[in-house]
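Over in TrEMBL, the protein carries these features:
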type     : residues                                       : note
BINDING  : G445, P446, S447, G448, S449, G450, K451, T452 : ATP binding site
COMPBIAS : 1-11                                           : compositional bias 'Gly residues'
COMPBIAS : 961-970                                        : compositional bias 'Low complexity'
DOMAIN   : 427-632                                        : domain 'FtsK'
REGION   : 1-35                                           : region 'Disordered'
REGION   : 137-162                                        : region 'Disordered'
REGION   : 961-981                                        : region 'Disordered'
Amino acid sequence: MRGSTAGGGRTAGRRPSPSAVVLPGRGRQVTRRGDRRRRIEESFDRFRRAVANFLGVAANRQSAASLDHARLMFELWLRETGVDRLPTDETLARCLPNRSLRPVLDRAVAERDEVFRPWTTRGPERLADLVRRTAPGAAGDAPRDWLGRPGTSDGTLEGGGTPQLWRVGTARVDAVPDSAPFPVAVPLLDGAHLHISSTPKSRITAETMVESLLLRVFSHFQPGLVHLHVWDVGQLTGSLPGLYPLARAGLLTVHDPARPHDLLDELAEHIRRIHTSVLVDGRPSLGALSEETGRRKEPWRVAVLFGNRSALREEQQQKLQRIARNGLSCGVVLILVDLPVTVNSAVESLRLGDDQTARCTMTGAHVTVTPDPPLPRELVPRACGAIADEMVDRRSRVSTFADLLPGERWSYRSSSGVQAPVGHHDGEPVYVSLGDTAPHALIGGPSGSGKTNFLYALLGGLTARYSPDELELYLLDFKEGVSFAQFAPGRKDPSWLPHARLVGVNVNQDREFGLALLRFLAEEMRRRANRAKLHEVTKLEELRAEDPEGRWPRIVAVIDEFQYLFADRDEVTHEAAALLEDVARRGRSQGIHLVLSSQDVSGIEAFWGKPAIFEQFIMRIALPKARRVLTETNLAAMEIPRWHAVINHDSGVPYGNEVARVPDSTSRGTFDRLQVEMWRSRTDSREPTLFDGSRVPRLRDLPDFQSLGPDASASGRGPVALLGQVIDVAGSAARLPLERTPGRNLAVLGSAREDACRVLSAAARSLSEQWAEKARFTVLCFVDDAERQASELARFLTDRHGPAVPGGGEPITDPSRLPEVLAEVAAGVTGNDKTPGPHYLLLFGADAALPKLEERGTGMRTGLDDLKAVLRHGPERGTHVLSWWRATSRLRNALLMGGGLDDIGAFVALDVHGQELSSLAANQVISWSPRPQRGLFFDRAAATGPQVLIPCEVDLDPAGGDAAGPVGAPKENAGMGGLVP
Ligand SMILES: Nc1ncnc2c1ncn2[C@@H]1O[C@H](COP(=O)(O)OP(=O)(O)OP(=O)(O)O)[C@@H](O)[C@H]1O
């Protein structure tokens with residue numbers, strides 16, 4: 001229409017077509033019709049062509065869309081099924097020849113490879129490395145490297161440790177079939193239980209897998225550290241026949257298939273025992289305990305239960321679940337094969353299929369595990385035989401002192417306690433542990449039963465494990481002899497035990513020394529408690545954690561033949577019992593431990609009368625034929641052979657018995673050698689303080705004497721006379737301060753001449769040390785027997801102080817001169833001269849001059865009057881009388897009337913009984929039973945009560961007199977004996 005309308009408008013200007021020109025009339029009509037038709041036909045042609053074109057395009061589009069759709073569907077399918085399934089999925093595999101799907105497949109494979117590249121390049125190797133580290137030695141190596149060789153690890157870190165993983169096979173990630181295989185290992189022992197399920201076709205594989213795993217364990221640990229229990233529901237003889245040789249050495253128990261409850265009860269009982277007697281300190285597990293203490297206290301018990309894919313009876317199932325729940329912390333490990341059970345604790349599962357491969361919880365669902373090939377059949381029993389032989393050998397071997405020592409010295413920490421083996425039982429070490437649970441030990445055994453040897457074994461094991469910063473020893477031996485002398489330096493052997501801070505030998509008559517030690521421990525306990533309080537903690541272990549820079553060693557105080565401490569019903573016994581109770585009760589939390597040993601505990605009344613003390617000694621050690629150390633119903637000590645001991649950490653009840661054979665630890669080449677080795681590695685050169693009750697100490701060795709300085713007045717402290725040594729842990733001197741105050745005079749009482757001379761000489765010698773030339777000393781001696789000592793003293797003093805010592809180097813021995821000397825001194829101290837220098841009158845045997853003193857001179861004054869005047873007025877003017885009276889009564893008679901006695905403020909009583917002294921000590925009751933070479937020093941002005949005094953040997957050689965003995969000079973040790981190398 002548009003064409004015609006438009007055409008009508010345009011024809012005027014157009015040239016006419018030939019037909020329109022040639023045909024006139026009707027002919028013109030025909031021509032027009034034909035035209036129209038042709039045009040119509042042409043239009044239709046065009047239309048048809050357009051339609052055909054359109055339909056062709058649509059068909060093309062449809063087939064392209066179909067192909068796209070097919071590819072997408074294929075990709076979806078591929079992604080859903082997984083590229084890795086191509087080789088095994090038949091339907092998927094059928095699509096592979098289709099070339100149009102190839103790009104989809106190639107892309108999916110490329111993407112997978114890209115995603116897994118980090119894993120394929122490093123993953124397997126990293127896993128292999130991890131297994132190498134966590135499954136060392138037999139736990140992960142190839143069997144040729146360990147099969148047939150019994151294990152050596154003792155479970156401690158230094159002894160080979162406990163592997164975290166144990167190898168079972170190799171694996172590949174399913175999605176990456178071309179990547180390298182990697183080893184698969186599972187946790188066991190302290191780590192997890194193992195649950196294996198198999199099909200009937202793969203049951204054998206499960207069994208060989210368990211066999212290999214167990215052999216790895218047995219070949220890692222030394223025989224005895226793992227005990228195996230096997231129960232098999234289906235077989236009377238049990239599975240794992242290759243392991244049977246282990247039964248010969250008691251390492252394998254095969255349980256009755258009909259009685260699974262026996263095994264379950266045994267395991268449950270074991271768990272209970274570990275909780276009640278081993279994990280009592282709040283340690284969560286044996287593993288944690290051994291990490292902390294450095295030793296595996298209890299062997300592992302591995303129980304393998306083979307089932308038949310049906311569950312145990314309900315009650316047994318519950319028991320099994322309980323064991324699974326609580327076992328790992330107590331060293332009980334379950335390996336369950338085809339035994340359905342759900343457990344609420346760490347368990348690794350391994351599911352074996354018919355194709356002999358497995359899925360494992362360790363590796364996850366997308367990894368195929370191929371178990372390692374079984375161990376060569378004939379080698380398994382042979383390897384187990386070698387392990388059993390080693391076990392039998394270990395049991396029968398008599399252990400030596402060297403077996404008690406660790407591989408590395410001083411590598412243990414004493415935070416939670418100290419422990420060391422003291423012997424062996426069946427080749428296994430038997431330990432003594434001192435800690436918060438069993439803080440103190442009591443050792444009993446008749447004479448010759450080996451107590452001293454036992455103490456050496458114990459101390460050897462302890463000192464080799466703990467450094468002197470972790471453990472300090474205070475060692476006291478009441479009996480006469482040499483037993484502890486080894487620990488102090490001696491003439492022949494200069495070494496000492498670096499851990500020893502105090503060694504007391506031959507203490508028997510000096511029970512006060514035991515008391516001094518207990519006082520020292522009580523004081524140390526208080527110091528530690530105060531420090532703990534500052535840190536708001538209560539126990540040493542916590543204090544050590546709070547104050548890591550501090551030095552807080554555990555203290556072990558050993559008192560051999562401690563019954564001497566309670567020998568009499570007297571003040572010493574009374575105080576010792578009170579102190580012992582205090583230390584025993586409170587020492588546990590402050591890291592202070594007592595080890596008491598005695599021939600016969602039953603004789604110690606003070607001990608038995610105080611069950612509270614006795615109860616604190618939870619650790620009991622009974623040597624053969626020991627009485628009363630264990631409970632009355634426990635007769636083990638009566639039955640053990642010599643050189644054995646019953647070690648009991650349970651207060652002596654039979655249940656806690658462990659019997660150990662104790663090695664010889666005192667003969668040459670044992671403890672002595674260890675001591676020299678440790679002495680050479682010491683970092684602290686302080687010697688232990690040595691107290692030897694049989695030895696006369698030397699004044700110059702006393703630290704108090706060595707610290708005296710010249711010119712006492714300049715020091716501001718005033719002069720002090722050292723009279724001898726008192727019995728304390730520091731080896732202190734008996735100090736008599738001689739300030740210018742009334743009463744500062746001394747009387748030595750008794751007929752023991754040697755001791756009296758030593759006391760006066762020590763006083764003069766120490767005063768001389770403080771005054772250089774300034775002081776006057778007047779030495780008077782009226783007893784022939786004492787003239788030698790008085791002369792030596794006079795010569796020494798003259799040598800040092802010159803004309804200030806009258807007599808020209810000799811004492812005044814003529815009694816008739818005494819009144820004259822006293823008159824002169826009395827005039828001096830009562831006269832106007834306010835500053836007479838210090839003057840010391842040393843009167844040996846004053847009582848011998850009494851007749852002369854009582855004679856009346858001119859003016860009716862007696863020498864006694866002058867003596868009283870000097871005693872009264874002298875001290876304030878620096879003049880002091882240090883006198884020796886052979887009889888107390890003579891002193892009293894001479895000075896009681898008219899004063900004088902009160903002006904003597906200090907006494908040393910030698911062979912004088914206590915009752916004689918009370919009149920001199922303001923009627924105070926003084927208990928003192930005289931004993932050789934000991935005196936009682938009593939200073940009324942001092943806060944301390946009477947103290948036992950040991951008179952010292954005084955070096956009065958003028959040549960050596962100037963120099964005090966050097967601090968730390970090797971001491972003579974008269975007691976050293978057979979242990980010297
Ligand atoms: N386990 C042992 N192996 C070998 N010899 C030992 C053993 N134990 C002790 N002896 C030896 O037995 C003797 C006595 O031992 P020890 O001195 O230790 O006994 P004791 O109980 O302390 O005796 P006492 O109370 O009389 O001093 C010593 O000669 C010692 O060497």
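Any Cβ shown, glycine's included, is placed from N, Cα and C.
Please treat TrEMBL annotations as automatic predictions, because they have not gone through curation.
Remember, predicted model here, so these are calculated numbers, not experimental data.
Taking the centre of the Cβ atoms of G445, P446, S447, G448, S449, G450, K451, T452 as the ATP site, the nearby residues of that chain (Cβ within 8 Å, site residues left out) are Q599, L623. The Cβ of S447 (ATP binding site) lies under 8 Å from the Cβ of Q599, each of these being in the same chain and 6 or more residues away along the sequence. For ligand 1, the binding-site residues lying close by, meaning a CB under 6 A from one of its atoms, are G448, K451, T452; the full candidate list was P446, G448, K451, T452.
Residue counts for the region 'Disordered' (137-162) under DSSP, helix first, then strand, then coil, are 6 helix, 1 strand, 19 coil. Local packing around the binding-site residues G445, P446, G448, G450 was summarised as the count of other Cβ atoms within 10 Å of each Cβ; on this measure the leading residue is G445.
In this structure, K451 (ATP binding site) is part of a helix by DSSP. Within 10 Å of the C-beta of S449 (ATP binding site) we count 22 further C-beta atoms, all protein chains included.
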